[in-house]
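Swiss-Prot has this to say about the protein:
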- H83, H182: heme b b562 binding site (BINDING)
- H97, H196: heme b b566 binding site (BINDING)
- H201: ubiquinone binding site (BINDING)
- 33-53: transmembrane segment (TRANSMEM)
- 77-98: transmembrane segment (TRANSMEM)
- 113-133: transmembrane segment (TRANSMEM)
- 178-198: transmembrane segment (TRANSMEM)
- 226-246: transmembrane segment (TRANSMEM)
- 288-308: transmembrane segment (TRANSMEM)
- 320-340: transmembrane segment (TRANSMEM)
- 347-367: transmembrane segment (TRANSMEM)
Amino acid sequence: MTNIRKTHPLLKIVNHSLIDLPTPSNISAWWNFGSLLGLCLIIQILTGLFLAMHYTSDTLTAFSSVTHICRDVNYGWLIRYLHANGASMFFICLYMHVGRGIYYGSYTYLETWNIGIILLFAVMATAFMGYVLPWGQMSFWGATVITNLLSAIPYIGSTLVEWIWGGFSVDKATLTRFFAFHFILPFIIAALVMVHLLFLHETGSNNPSGIPSDSDKIPFHPYYTIKDALGFLALILLLLLLVLFSPDLLGDPDNYTPANPLNTTPHIKPEWYFLFAYAILRSIPNKLGGVLALVMSILVLAIIPLLHMSKQRSMMFRPISQILFWVLVADLLTLTWIGGQPVEHPFITIGQVASILYFTIILILMPLASLIENKILKW
């Protein structure tokens, strides 16, 4: 008798995706982040669902309802902080996952890569709208500043902003619609994840060497199920350390002050995971230029496959590209630091230099390094 997992229509899909999936035998811990992102998404949807049961999306009661969740709901504080810090873990895993894709040349799987970019935008949009919901000072002013950027779009800008706001300022209508979108988007993300995996399983996983591994595949279960389980354990440990010991470490104290349209916070800044993009936005003294640079800081990922000049797929055997990659990582950390600093003398210049360097490395230096490495191969 054939095993039910190989014949049952539903179990067959699970079997081909998680059990009998042929997987390269040499993929490293950098390949754990895909499954960790899946875990993060599940954690966020579950904690978010329980928060939505107690939250009210009204300007008068939103802040109080979050306080009520933390004080009066059973383990409400835990659910709230798991959700808030879960978002941070989500972005750590996201950036690691994208970094892995760039380093090992996974972007040559075009469909998988492009769906991944769409997923990145969707997660960023969801996180932004979620940050507005507690209706603290930083929520309100963050929403005002970021939505206002759309007014830089020629001709339709102002109309578009008022349409998104549902009025002439960020108010009740804005909060209500942001809550609606924040609730629905994770499910759209989950659907996109399925498409992402569908395209990935068409080609199979890449591996650190970048060399086709069809001749050396092993079943996903038990080898990678146990490896993923270890990753899950590490992620949950890290998340619980954050939630139980310093839940507000990554948050902003301004968000413990209820939103007040008459009082602007001195330093408006987004959550830490958007600071690099915010620094790029601020480093251009022109509104439209800044917005374009902001969008391009993520969209540049879509151009990376077109700029792949190397004869090798992975950076494993390409020392010049490796150095550039780690300089890019250092540059992104610098931008993250600058994004959290006030707009004054040394920080403005550092931000501008770091922004130029970011685009220069990706668009010019990396393709050049690839061509040099191709030449070295012939020696």
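Positions of Cβ are set from backbone N, Cα and C atoms, glycine also.
H97 (heme b b566 binding site) falls within a helical segment according to DSSP. For H83 (heme b b562 binding site), the same-chain residues that are 6 or more apart in sequence and have a Cβ closer than 8 Å to its Cβ are Q44, T47, G48, L51. Tallying C-beta pairs under 8 angstroms between the transmembrane segment (178-198) and each of 33-53, 77-98, 320-340 places 33-53 first. Residues of the same chain lying 6 or more positions beyond the ends of the transmembrane segment (320-340) and with a Cβ under 8 Å from any Cβ of it are 99, 102-103, 269-270, 272, 274-280, 282-283, 310, 347, 350-351, 354-355, 357-358, 361-362, 365-366, 369-370, 372-373. Neighbour list (H196 (heme b b566 binding site), Cβ cut-off 8 Å, at least 6 residues apart, same chain): T112, I115, G116, L119.
Spacing of H182 (heme b b562 binding site) relative to H97 (heme b b566 binding site) is 23 Å (Cα to Cα, whole number).
Beyond its flanks by at least six residues, the transmembrane segment (347-367) meets 279-280, 282-284, 293, 296-297, 300, 303-304, 307-309, 321, 324-325, 327-328, 331-332, 334-335, 338-339, 341 of its own chain at Cβ-Cβ distances under 8 Å.
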